[in-house]
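Single-structure report; data block below.
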Amino acid sequence: MNLLLILTFVAAAVAAPFDDDDKIVGGYICEENSVPYQVSLNSGYHFCGGSLISEQWVVSAGHCYKSRIQVRLGEHNIEVLEGNEQFINAAKIIRHPKYNSRTLDNDILLIKLSSPAVINSRVSAISLPTAPPAAGTESLISGWGNTLSSGADYPDELQCLDAPVLSQAECEASYPGKITNNMFCVGFLEGGKDSCQGDSGGPVVSNGELQGIVSWGYGCAQKNRPGVYTKVYNYVDWIKDTIAANS
């Protein structure tokens, strides 16, 4: 299928046919501050999600790259100042050197915060994975992306979705020739529930570990078109090495 039909997930839903936006369809409003590692990437507006992995580092999708980013932590309703937020500018934004904008392979970047986040009950880091994602494992996906599979409705409050990791065979069958070893699928082959525009870069967490980053898909919540996610396990060494080199 022509790559121009891919709806990838960067949140500025300008009318580009190759649009990197991503959303939660068929989910529910997260309990307030129940996803303390979730961040909003802001450049005057929310455009992507991300995950806090240490006091001073955030991981997101490579396609979410912008030269200037403010990281917003402790958010629930992104349109209201609720008193728990921390707004910290990015000091460094480091995209994976082998990121491919055409195939979205190596769709990962790191953000160093200009000052460490204050860790508390509303803002805390998520652990990196110690094993690759296993088929059938329940996962939590979260974000402020579009909640409609057709049309647009961007929520103010953080949305959550519980969904299973699919087998690599199911993933590859859904997108023949498009799935690399650095990608995996999460969701429901029958459709109806998925991430979508605006969720890009956000977390997929299983058993308390960050297994995935919202990356791409064909449409949102479509039958036999599950969401595709960056396999964080493959990048643990790169993450650790990059942090060490930029401390």
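Keep in mind that glycine also has a Cβ here, set from the backbone N, Cα and C atoms.
The active site, charge relay system annotation in Swiss-Prot covers HIS63, ASP107, SER200. Taken from Swiss-Prot, the feature disulfide bond covers CYS30-CYS160, CYS48-CYS64, CYS171-CYS185, CYS196-CYS220, and the record attributes it to sequence analysis. Here Swiss-Prot flags 1-15 as signal peptide. Annotated site 'Required for specificity' per Swiss-Prot: ASP194, in sequence order, evidence recorded as similarity to another entry.
On the structure: features taken from Swiss-Prot.
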residue : record                           : Cβ contacts under 8 Å, 6 or more apart
CYS30   : disulfide bond                   : HIS76, SER142, GLU157, LEU158, GLN159, CYS160
ASP107  : active site, charge relay system : ALA61, GLY62, HIS63, HIS96, TYR99, ASN182, ILE213, SER215, TRP216, THR230
CYS171  : disulfide bond                   : ILE179, MET183, PHE184, CYS185, PRO226, VAL228
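Ranked by Cα separation from CYS64 (disulfide bond), the recorded positions CYS196, SER200, CYS220 are led by SER200. Cβ neighbour count within 10 Å across all protein chains ranks CYS48 highest among the disulfide-bonded residues CYS48, CYS160, CYS220.
Under DSSP, CYS48 (disulfide bond) is assigned to a strand (E or B) in the three-state scheme. By the criterion of other Cβ atoms within 10 Å of the residue's own Cβ, the least surrounded of the disulfide-bonded residues CYS185, CYS196 is CYS185.
With every protein chain in view, the residue among the recorded positions HIS63, CYS64, SER200 whose Cβ has the most Cβ partners within 10 Å turns out to be SER200. A distance of 16 Å separates the Cα atom of CYS220 (disulfide bond) from that of CYS48 (disulfide bond). You'll find the Cα of SER200 (active site, charge relay system) roughly 5 Å from the Cα of CYS48 (disulfide bond). Following the DSSP three-state reduction, the secondary structure of CYS64 (disulfide bond) is helix.
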